[in-house]
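According to TrEMBL, the feature domain 'F-box' maps to 54-100. If you look up TrEMBL, you'll see 167-192, 193-232, 233-272, 273-312, 313-352, 353-392, 396-435 marked as repeat 'WD'.
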Amino acid sequence: MPSVAPPPELQDWLRTFQRWSGPEKLLALDELIDRCEPSQIKYMMQVIEPQFQRDFISLLPKELALYVLSFLEPRDLLRAAQTCRYWRVLAEDNLLWREKCREEGIEEPLNLRKRRLLSPGFMYSPWKFAFMRQHKIDMNWRSGELRAPKVLKGHDDHVITCLQFCGNRIVSGSDDNTLKVWSAVTGECVQTLVGHTGGVWSSQMRDNIVISGSTDRTLKVWNADTGECVHTLYGHTSTVRCMHLHGSRVVSGSRDATLRLWDIETGQCLHVLMGHVAAVRCVQYDGHKVVSGAYDYTVKVWDPESESCIHTLQGHTNRVYSLQFDGTHIVSGSLDTSIRVWDMESGNCLHTLMGHQSLTSGMELRDNILVSGNADSTVKIWDIKTGQCLQTLQGPSKHQSAVTCLQFSSKFVVTSSDDGTVKLWDLKTGEFVRNLVALESGGSGGVVWRIRASNTKLVCAVGSRNGTEETKLLVLDFDVDLK
């Protein structure tokens, strides 16, 4: 307010105003406002507004204040923490951030019990730390600088046919008859699993146990720490093309049209499932039921204990190449270009998902969201409850050749292709984010055969069939170092 001497009539004017009744005062104020310039009205607002502002959060009991703050987005919580000292105490509340982590699917932080003072009066929140760490990891995937990947060279110029990645252990299987065990941290090949007399075409891993299936018609159970072959499982009469591990049991599917259930601890074949009339190409096992897809155009649901086929799901008009099974729904992908969603209990086809133009070679199902990769170079996101296609991952930056592999999280879809690229997409919007890998030999023979991702790492099996790209694994790291 400019410092000017008050006019001599001011006190008389104010005394007159005070004598008037309430309605008369309001009338006088209306007339006064009408005679004011915009700058004077703006000044009045600046003086009046703070009179009506109240810090209601500080006036509420702490439990109610935290309940109100729980409706804020994490970004707004961080802004609220800058309002005042008490708001910062509330915005650091560990249980508040635990709920934000649960909403985002962030797991319990390892340092949950190590609470410490940030500064006098402010407790450090492990859940907030976990949320911020995950946010920075997501930003590294989305837009962080792509650090030079670790290059793991092996398998000479052979094809890497299968890839497993868990913790810091990577296992690659190849048509050179071997598997290799790698450290994702050092990039070192720690074991070469030698013993198959034919190419390895399927594998599974749990902890330090690796199971492999080969064209030599056997499965082998390996100790990944020592490289020892613990069991060789004999019984199939043709290539072991697929397998699925659950607990200490693995189900294998073969070109001999049968499936076998094995105990990997004893090496014993527990059950043989016969009924398909062509090669079994894909299998899923949840510990209770076995679901298999085959080149005879059918999907079968089995009770392995009684070795009986519960349902034969008919509808596909060509070979079945891919399966997903969540205990309730079965999803099958076929060379007939369709994807079918089936009810496991009744065997009924709930939806036929049309839109792809070629073979659906790979799928991943999580809750009601299905992501499918196709030889037509596109990836589609579906809701299996409604049968609706939510997104098609395409556009100017789409893959230029068949999609070979995919994986998705709550935010991203990662896809690989015969075009030599690995692409990152936004799961919700379907928008292309960026290339994570782009081989120089892409388009002239370089391909990405397989990918496996964790929260912080991406493993890619790359090579070529014409010598333009050396066979190797690329390990990209998106982790953050938060002190």
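Keep in mind that glycine also has a Cβ here, set from the backbone N, Cα and C atoms.
Secondary structure counts, DSSP: the repeat 'WD' (396-435) has 0 helix, 22 strand, 18 coil. DSSP places the residues of the repeat 'WD' (167-192) in helix, strand and coil in these numbers: 0 helix, 15 strand, 11 coil. Among residues of the same chain six or more beyond the repeat 'WD' (273-312), those with a C-beta under 8 A of the stretch's C-beta atoms are 238, 241-247, 249-261, 318-325, 327, 330, 332, 334, 336, 340, 342, 344, 347.
Proximity of distant same-chain residues to the repeat 'WD' (396-435), defined by a Cβ-Cβ separation under 8 Å and at least 6 residues beyond the stretch ends, is recorded for 104-105, 138, 141-143, 358, 361-364, 366, 369, 371, 373-379, 381, 390, 441-443, 446-453, 455, 458, 460, 462, 469. According to DSSP, the domain 'F-box' (54-100) comprises 33 helix, 0 strand, 14 coil.
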